[in-house]
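Visitor: This is the structure I have questions about; it appears just below.
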């Protein structure tokens, strides 16, 4: 039975205190979210004003700081470009809060899929282990990773700003090509869906082999052609650590937004979010990490951040 607004409001309040939900509550929440996400598109339309956010990676207290800086949901409309889990200490609470907000305010928050919203990657970079540690079994990991298959791959703000986690694909020239993909599956090792979540812009022209081992690098010529073909003014993406929190590249055809400050609790970077206003005006808000909380007892070393 779907949770009432009152139930959801209670769960959101609990999660905002960094207290995870009961296993059964997570199961019900994921089922509700799945029903909502099934109705969304591979290229999900979004209206302005909206605030665009990059990687969060389980840095729960920095997500709370993001909402403090950018405005609370649902007063501010949000678009998150993936990578909610892994590496940080609070992936469970982070993804639970974002999914609960999606279920409560479905038209006010858009959550896209990142390369870490995958069964395989989360078994290596922390989310699986965190679920085991906090729940004593892998059920919650399974509920969330099953849900991840339904997340939209990209979003389109007012037919002008194209948002996605990673980057472009040599197999995809148009937004209609993306609309035709079957997204409801685990992230493949290769191919167009993989590329959208894994690719990066590069200083060299054309397509290149990605050092990540998945996706491609793409040059300014590729981004310009894609934007021209599809009537776009900008590609907004996440996926790469940038020290100022945002970084323009490729003659302002592409911007990277990264929203995890002091990434992996050691990189020393600022975070940023991108406000897109009523008239499509753009404003970046930068922020530093929230004050450090007492870290949970975890003996695993923080994995390297290059993925």
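The backbone N, Cα and C atoms fix where each Cβ goes, and this holds for glycine too.
Annotations per Swiss-Prot:
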- 116: active site, proton donor (ACT_SITE)
- 55, 57, 83: Mn(2+) 1 binding site (BINDING)
- 83, 115, 165, 239: Mn(2+) 2 binding site (BINDING)
Visitor: Round to a whole number and give the Cα-to-Cα distance in Å for the pair residue 239 (Mn(2+) 2 binding site) and residue 55 (Mn(2+) 1 binding site).
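Guide: Residue 239 (Mn(2+) 2 binding site) to residue 55 (Mn(2+) 1 binding site), Cα-Cα distance: 7 Å.
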Visitor: Specify the nearest of the recorded positions 115, 116, 165 to residue 57 (Mn(2+) 1 binding site), where nearness means the distance between Cα atoms.
Guide: 116
Visitor: I need the neighbours of the Mn(2+) 1 site defined by 55, 57, 83. Which other residues of that chain put their C-beta within 8 angstroms of the C-beta centroid, in sequence order?
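Guide: The surrounding set, listed in chain order, is 54, 56, 58, 82, 84, 85, 86, 87, 114, 116, 238, 258, 259, 260.
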Visitor: Ranking the recorded positions 116, 165 by other Cβ atoms within 10 Å, which is at the bottom?
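Guide: Among the recorded positions 116, 165, the sparsest Cβ neighbourhood within 10 Å belongs to 165.
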Visitor: Compute the mean position of the Cβ atoms of 83, 115, 165, 239, which form the recorded Mn(2+) 2 site, and then list in sequence order the other residues of that chain whose Cβ is within 8 Å of it.
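Guide: Once 83, 115, 165, 239 are set aside, the remaining close residues are 55, 81, 82, 114, 116, 166, 197, 198, 238.
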Visitor: Spatially, and counting Cα to Cα, which of the binding-site residues is closest to residue 116 (active site, proton donor)? Options: 55, 83, 165.
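Guide: The smallest Cα gap between residue 116 (active site, proton donor) and any of the binding-site residues is with 83.
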Visitor: Taking 10 A as the limit, how many CB atoms besides its own sit near the CB of residue 57 (Mn(2+) 1 binding site)?
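Guide: I get 27 for this one.
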